[in-house]
Amino acid sequence: MVNIVEKQNRLSLISLSLVSIRYKSWDFLYRILHGSIFDYIIGPRKELLLYFKCVYDSTFFNGKNYFSNLFTDTATSFRLLTFLNEHDLKSIPPLPLDKCQGLDSYSTLYDGYIVQSSHESQGLYDGSGKDGNDYTMKMQIMKNVLEMQINEMDDEIKRIKLRRNVVAKKLDVIISRIVDHKENKSKTDGSTEDEVHIGNTSSVLKQTNHEHTIITSENNTDDKVSLLTLEPDNAQIGNKLQRYFEAMKLKKKSSGFDIEDFENIIGTKGQLGKTLKCHDDYINSLAINAQLGVLSSTANLDNEIKLWDISTTQCLGVLSGHRATVNTTRFIDDTRLLASAGKDASVKVWDVDNIVDKDGNANDNLCLATFDGHKDSVTALATTGNAIVSGSNDKTLRHWDLGSGKCIQSIDLTIALKMVPQSVSKLDITPSFNTPLIGGADCIDNALVTGTKDGIVYLWDLRIGRVVGSLEGHRGPITSLKYMGSELITGSMDKSTRIWDLRMGSVAELLSFEKEVVSVEESQTQLINALEGEPVKIYDRGERQYNSLPDSFNTTTLVVYESLLALGNDHGDITWWSL
């Protein structure tokens, strides 16, 4: 009888427990297993109830339910303890009840391993644990976690790009405000169309807290714009240069510049004249002041500028002061002043008129001023009125006023060119060893033209320091540029010379060659093209014909005045021609 009762009690408890588990009547089952009746049960019934008590505890307190309380939900607790998001929680495969309990759940480590806290099922990541399903589960969790991390990285990249776009828009607004401020300041100060007066913008720049400036103030004393350094006394900078500038205004000689006076060196038309041995390396710059009858020349690896008397072909003197190769020279309009720029990142102004003193001796103290503002090699110069514009590999253009001896504008190309509304975003403004960033520059009044290594021509308004137009067509670096009012001539390493109609913004004529164009000049209706390793080609625009100058191979630069042509070659020689 007792055995029958025990069996009935056992079956009743089993049925009751199963029903409770099936319908999740945890409170009712808890009272049975943890109540006083449990203490009176002995024998096999006790063992059975212990089993169900274990099942109950593992079910009620496993995983998500273990950390449930009045302050949080199970999903949040489980996510925090396992470092998984809601999506990954839903994708976790089912586990045995003796797995995934409380702090025994899995978590990722930075070294790529998965560690389980339970001592009963501790295994290695290589699948050598006791349970094959355990290993599969580990791999699945690891896969989900890594995918989650990748998604988070992608989201972070999107947020960074979005923030960058916002900052770029703010930058454009700040630049526009700076330009508007300068325009309003100029109008308030009563500046005319032909003058450039840049007010103090340092307060505006400080308010914006921005590191880059497109136009810097002439009163700015930090390293971004280094003011002109005069030799030998900086304190006399403005007065000395102003005095020389006013005194150097040229009045034409009564005799003028007559080509016939130089027939002895030029020879007959189209024939080679006299050849001068001037330098030891290839000549990189020539400049003529016809009213003085002086030619200047510079060469590679030569820190000096040599001045030549055109009528006698004698060397008048040497200008020393640069600390590295002189890249380019230019006579300042209507003055006896010569501007030079070199790889030492400096721009110098020289008094050429006093190359010889009253006693006929060479004068060594001819450098009037040194502009030390650039941080890299200066490769292009343009002069207009009483100003000089210099272009450098440091990605800036600087506008120097000879009247005051100060830098009145500093234009950062990395910022200014981003404001051009066209396909210039592809522009690579990184200078290379052999190709300068700015290959040519020319200026008329406040209109500046520059040519870059990517073959793009930019038109600038110096009054506001901004690009007002661009010309695209060249497929190689621009090496030479000549601005002639309504027309512009450019030579390029893409083996072409282009004549641009600036009124239409298009190419008027295109000249193609078999070699790279290294220098271009214009004389009346003729275009003189110096080509890499070939004779000089002369194009007659009226007759549309090409002619070659004999014995003009390896020309590296050239300069022309009326029918006088001077060629510099890679041997350091200068040859004269009559066109």
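Along the chain as shown, residues are numbered 1 onward.
Using N, Cα and C of the backbone, Cβ positions are placed for all residues, glycine too.
Noted in Swiss-Prot for the protein shown:
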COILED    137-167  coiled coil
REPEAT    278-320  repeat 'WD 1'
REPEAT    321-360  repeat 'WD 2'
REPEAT    373-412  repeat 'WD 3'
REPEAT    419-472  repeat 'WD 4'
REPEAT    473-510  repeat 'WD 5'
REPEAT    512-539  repeat 'WD 6'
REPEAT    540-578  repeat 'WD 7'
Predicted model, mean pLDDT over the repeat 'WD 5' (473-510):
93
Residue distribution over DSSP helix, strand and coil in the repeat 'WD 7' (540-578):
0 helix, 24 strand, 15 coil
Looking only at the repeat 'WD 6' (512-539), how are its residues distributed among DSSP helix, strand and coil?
0 helix, 17 strand, 11 coil
